[in-house]
Amino acid sequence: MALKHFLNTQDWSCSELNALLTQARAFKHNKLGNGLKGKSIALVFFNASMRTRSSFELGAFQLGGHAIVLQPGKDAWPIEFDTGTVMEAETEEHICEVARVLGHYVDLIGVRAFPKFLDWTYDRQDIVLNGFAKYSPVPVINMETITHPCQELAHIMALQEHFGTTDLRGKKYVLTWTYHPKPLNTAVANSALTIATRLGMDVTLLCPTPDYVLDERYIDWAQQNIADTGSTFQVSHDIDNAYRGADVIYAKSWGALPFFGNWAMEKPIRDQYRHFIVDEAKMALTNNAVFSHCLPLRRNVKATDAVMDGPNCIAIHEAGNRLHVQKAIMAALASQ
């Protein structure tokens with residue numbers, strides 16, 4: 001039987017994802033368990049984290065396990081991922097050794113590694129995550145690279161709790177780009193598009209121009225998913241039409257893929273679209289929609305105080321669910 005990793009949700013069947021969500025709900029009501037008793041996880045962070053690190057460390061503890069945190073280039077040696085490289089630069093060891101050695105010590109490995117933002121054709125290969133998955137003898141969990149599947153499940157769990165049902169088919173789901181002064185990762189947007197179409201929601205991707213449409217891989221996944229579920233997917237640049245009648249507004253900012261490595265040219269374009277902020281006027285067009293965001297969020301840049309503090313905002317609940325879904329993921333993978 002092939003080793004099962006948690007790299008993205010598209011690799012897992014709907015029944016497997018539903019089982020994870022069912023287990024996550026159980027953990028939410030009874031936080032302690034023994035799914036990691038006597039086991040350990042290495043959490044490898046190439047980028048900063050608050051919610052991900054704290055929820056994974058605490059989750060491992062609550063399951064009776066132990067987590068160690070490694071930050072290559074800070075408290076651990078810099079790692080090389082390219083093959084055939086003459087390692088005369090700053091990297092001290094290669095992933096083919098790192099992953100295999102860690103696999104002798106721990107039972108799971110979590111990886112968080114953002115794009116370099118210089119060349120999307122390179123970044124989309126996700127070489128850090130895939131390098132760990134290729135060489136690791138133990139299951140690997142994606143803690144956010146170019147997708148964020150843990151956030152996906154926490155988001156869906158929060159939506160199911162809000163609507164009081166696990167069946168989200170037919171909900172109008174709007175994934176909206178929002179302004180941010182810096183170009184950000186597309187990971188959460190890629191994941192939101194994937195899971196929303198997978199679960200049969202009618203999805204609108206709202207963004208300022210075609211340059212902000214997500215990578216074709218995730219557009220293709222969305223098209224495959226709606227073919228399976230009978231739901232719909234469209235890209236829109238019209239704010240009012242996108243918001244009108246929506247049941248879910250999910251906000252995220254991301255950099256335009258054609259400008260990777262040339263952000264000075266992208267910034268004046270992005271600066272024209274500050275009006276994509278989620279505010280009360282836009283929310284008034286919806287079907288009393290629920291609003292969420294993965295956090296962190298710059299208030300009154302991405303969404304107004306009134307939206308964030310309003311009764312329909314579930315961003316805090318979504319973030320809280322990270323603990324429960326990650327415990328479910330760790331327990332499932334550790335039981336292989």
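Using the three backbone atoms N, Cα and C, a Cβ is placed for every residue, glycine included.
Annotated carbamoyl phosphate binding site per Swiss-Prot: Ser49, Met50, Arg51, Thr52, Trp77, Arg112, His148, Pro149, Cys150, Gln151, Cys294, Leu295, Arg322, in sequence order. Positions annotated as N(2)-acetyl-L-ornithine binding site by Swiss-Prot, on the basis of similarity to another entry: Glu144, Lys252, Leu295. Under the heading N6-carboxylysine, Swiss-Prot lists Lys302.
In this entry, carbamoyl phosphate is bound by Ser49, Met50, Arg51, Thr52, Trp77, Arg112, His148, Pro149, Cys150, Gln151, Cys294, Leu295, Arg322, whose most widely separated C-alpha atoms sit 30 angstrom apart.
Other Cβ atoms within 10 Å of the Cβ of Cys150 (carbamoyl phosphate binding site), summed over all protein chains shown, number 26. Of all the binding-site residues given, namely Ser49, Arg51, Trp77, His148, Cys150, Arg322, those whose Cα is no farther than the 10 Å limit from the Cα of Leu295 (N(2)-acetyl-L-ornithine binding site) are Arg51. Counting only same-chain residues at least 6 apart in sequence, those with a Cβ under 8 Å from the Cβ of His148 (carbamoyl phosphate binding site) are Asn142, Ala187, Val188, Asn190, Ser191, Cys294. Among the recorded positions listed here, namely Glu144, Lys252, Lys302, Glu144 has its C-alpha nearest to that of Arg322 (carbamoyl phosphate binding site). Residues Glu144, Lys252, Leu295 make up the record's N(2)-acetyl-L-ornithine site, and a Cβ search at 8 Å around their centroid adds His148, Gln151, Asn185, Ala187, Val188, His293, Cys294, Pro296 from the same chain. Under the three-state DSSP scheme, Lys252 (N(2)-acetyl-L-ornithine binding site) falls in the strand class.
Leu295 (N(2)-acetyl-L-ornithine binding site) counts 14 other C-beta atoms within 10 Å of its own C-beta, drawing on all protein chains shown.
Nearest by CA distance to Lys252 (N(2)-acetyl-L-ornithine binding site), out of the recorded positions Ser49, Arg51, Trp77, Cys150, Lys302, is Lys302.
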